[in-house]
Protein chains: 2
Amino acid sequence: MKELKLILMGFGAVGKGVAESISIKRNNIKDKFGIDFKLVAVGDSSSSAISANGLDEKLLIETKEKKGTLDKYPEFGSNINGEAVLDKVDYDLLVEATPTNIENGEPAKSLTIKAFNAGKDVVTSNKGHLALFFSEMIEIANQNNVEFKYEASVGGAMPIINFAEKTLPSSKIFSIIGILNGTTNYILSRMTIEGSSYKNTLEESQQLGIAETDPTQDVEGIDAACKTVILANSLLGIPATYSDVEVEGISKITSEAIGLAKKEGYFIKLIAEVSKHALKVSPRLIKKNSPYAIEGTLNMATLKTDLADEVTVVGKGAGSIETASAMLTDIINIIKIKYQK
Amino acid sequence: MKELKLILMGFGAVGKGVAESISIKRNNIKDKFGIDFKLVAVGDSSSSAISANGLDEKLLIETKEKKGTLDKYPEFGSNINGEAVLDKVDYDLLVEATPTNIENGEPAKSLTIKAFNAGKDVVTSNKGHLALFFSEMIEIANQNNVEFKYEASVGGAMPIINFAEKTLPSSKIFSIIGILNGTTNYILSRMTIEGSSYKNTLEESQQLGIAETDPTQDVEGIDAACKTVILANSLLGIPATYSDVEVEGISKITSEAIGLAKKEGYFIKLIAEVSKHALKVSPRLIKKNSPYAIEGTLNMATLKTDLADEVTVVGKGAGSIETASAMLTDIINIIKIKYQK
């Protein structure tokens, strides 16, 4: 059976989800596509495990969770990290799941370009390099004639890139308006239901692990703005970058404002708008029974099109396995393009 | 430039939408896929227009609207109809948009099988032959190694077949629960908002052209049951047929029942359930702020999956151009598979 040799860089929540998904779906993928996944290297921020004969997904997760770093992986763990990992073993496809860095897009940018230049396909969940250097990344991928897929970077398990490209190719997309950040949607939903303050709700969300210790990227709209840029470039052909997005977060929203809106039949949501006229993330009033009235950590997006009119998709914007499922879908779509002819 | 020769059978609302969509998108498809559409024959219930050099979409629509039948199409109109049309001209793909017939699936069944046996691909918006003979239809398509696509048969412009297959291939789908009939959703929505009776609301819907003169297929749940069968077969691999679906329509729902539900924060919706445990169409209570609380003629479906958890899609379940857009998406997907290698 044909093997697909994968390197996975980044072994936090999403990376571990990828390893787990591969373990769950290996036999299914063998049956359906005649491809056997082999994880030949996995890197975290400081170390890695590398073996041309393949690593064990469950042992990788156990090593990371019990011992903290991958250099403790039996026999094949080492201090090799970053780009050096890609030189140590032959591979077909890089699964890039390092944390988003909106300052310079690293290490995702360098890892991805290195893979492209070696003729390897890349699947990513990262937003930084795409939000800062979208056109450049696509150009380098095209120059090397490799596949570059990033479904997980926008909606987690909510299909949006594939959704537009594969289910609506007959229609022109005019705009995408949606809720692209689950953490802020959770905070606003709780504030609406409980009448609680922003500060208390944020703290509660941090205790539940929904908001991060440093919540800036989520609550100030940075995460949603990155996704806005990715959608603008990929689905609307607008060559925008991060600084083109007008951004306002939710940290100044009071429980009084939410209460007033609620009385009048409205919710306050952090809405991302992607169109030729606006690239914008801001709190907006939305009607109670509209498709935008989703609760909790869900993401949603409404695409306005010419022939199909308005189409809406809703799904989990985060979660380890959920986000990994989008990356696995990207890998399967690459298999269909490149390995099944 | 490569030509794709199409025969369009059925020239009601959907068929006319197909002609109009082709006219709108011809240049776009040329640019994007290097394929030129040529409509070589169009048939209505009693006549046709046939020309190997291609017909004019706008003139077809004008002829049908002003003169009633296609035999009045200048020069190329004739009384040839039904299967005979497929013998009169060379073609690559049959676009089948005849009315759904839940008694015996005709004329869709015979037209489609004739096309399959001639080695032609088929795109359909029809539910009858699929709801009655799904496995047989797929088998004949496979025997002839042709493509058979039916996105438009379930959700109109709401992507559901392509949505599941192309955006969620990494996940196993456990169930699909949704609102698959726009007419009944419109009637129930109006009854909820206005407190009006079923009878009056149905009449109002008929005047608006939302409900048909004979509304049986919609209001008795037959249309939704056909769609349930198609989803069971295509997405869940359940070899069901129409008689396997437990069906209850909306004609016995009173304004009192809707009023009582509303007071408690619920709506009554006609819900289709597709799972290993149930193939069922019935009125159900759904919570006000749930994804099922869509209004008007919209369709929606929530797919429960293993990796991606729950994913929901919402779109227009009917409409001439909207339904045609789904058929055009199917045609484009066939172009990608067969004509772009």
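Yeah, the Cβs are placed from backbone N, Cα and C, and that goes for glycine too.
No curator has checked TrEMBL annotations; they are predicted automatically.
The annotation active site, proton donor is assigned in TrEMBL to A:Lys227. In sequence order, A:Lys127, A:Ser153, A:Val154, A:Gly155, A:Leu180, A:Asn181, A:Ala272 are the residues near A:Lys227 (active site, proton donor), counting only same-chain partners six or more apart with C-beta under 8 A.
A:Gly15 (NADP(+) binding site) carries a helical DSSP state (H, G or I). Residues near A:Gly15 (NADP(+) binding site) in space but far in sequence (CB under 8 A, at least 6 apart, same chain), listed by position: A:Leu8, A:Met9, A:Val42, A:Asp44, A:Val95, A:Ala97. The feature NADP(+) binding site is assigned by TrEMBL to A:Gly10, A:Phe11, A:Gly12, A:Ala13, A:Val14, A:Gly15.
When Cβ atoms from all protein chains are considered, those within 10 Å of A:Lys127 (NADPH binding site) total 28, not counting its own. Positions annotated as NADPH binding site by TrEMBL: A:Lys127.
The feature L-homoserine binding site is assigned by TrEMBL to A:Glu212. Within 10 Å of the Cβ of A:Glu212 (L-homoserine binding site) there are 13 other Cβ atoms, across all protein chains.
According to TrEMBL, the domain 'Aspartate/homoserine dehydrogenase NAD-binding' annotation covers A:10-151.
TrEMBL lists A:159-332 with the feature domain 'Homoserine dehydrogenase catalytic'.
Within the model, the domain 'Homoserine dehydrogenase catalytic' (A:159-332) carries an average pLDDT of 96.
In this structure, A:Ala13 is the one among the binding-site residues A:Ala13, A:Val14 with the smallest number of other Cβ atoms inside 10 Å of its Cβ.
The distance from the Cα of A:Gly12 (NADP(+) binding site) to the Cα of A:Glu212 (L-homoserine binding site) comes to 13 Å. Taking the binding-site residues A:Gly10, A:Gly12 in turn and counting surrounding C-beta atoms within 10 angstroms, the largest count is reached at A:Gly10. Across the domain 'Aspartate/homoserine dehydrogenase NAD-binding' (A:10-151), DSSP helix (H, G, I), strand (E, B) and coil residues number 65 helix, 24 strand, 53 coil.
Taking only the Cα positions, the spacing between A:Ala13 (NADP(+) binding site) and A:Glu212 (L-homoserine binding site) is 13 angstrom. One way to see the shell of the NADP(+) site is to take the Cβ centroid of A:Gly10, A:Phe11, A:Gly12, A:Ala13, A:Val14, A:Gly15; the remaining same-chain residues with a Cβ within 8 Å of it are A:Lys16, A:Gly17, A:Val18, A:Asp44, A:Ala97, A:Thr98, A:Ser320.
Here the CA atom of A:Glu212 (L-homoserine binding site) lies 17 Å from the CA atom of A:Phe11 (NADP(+) binding site).
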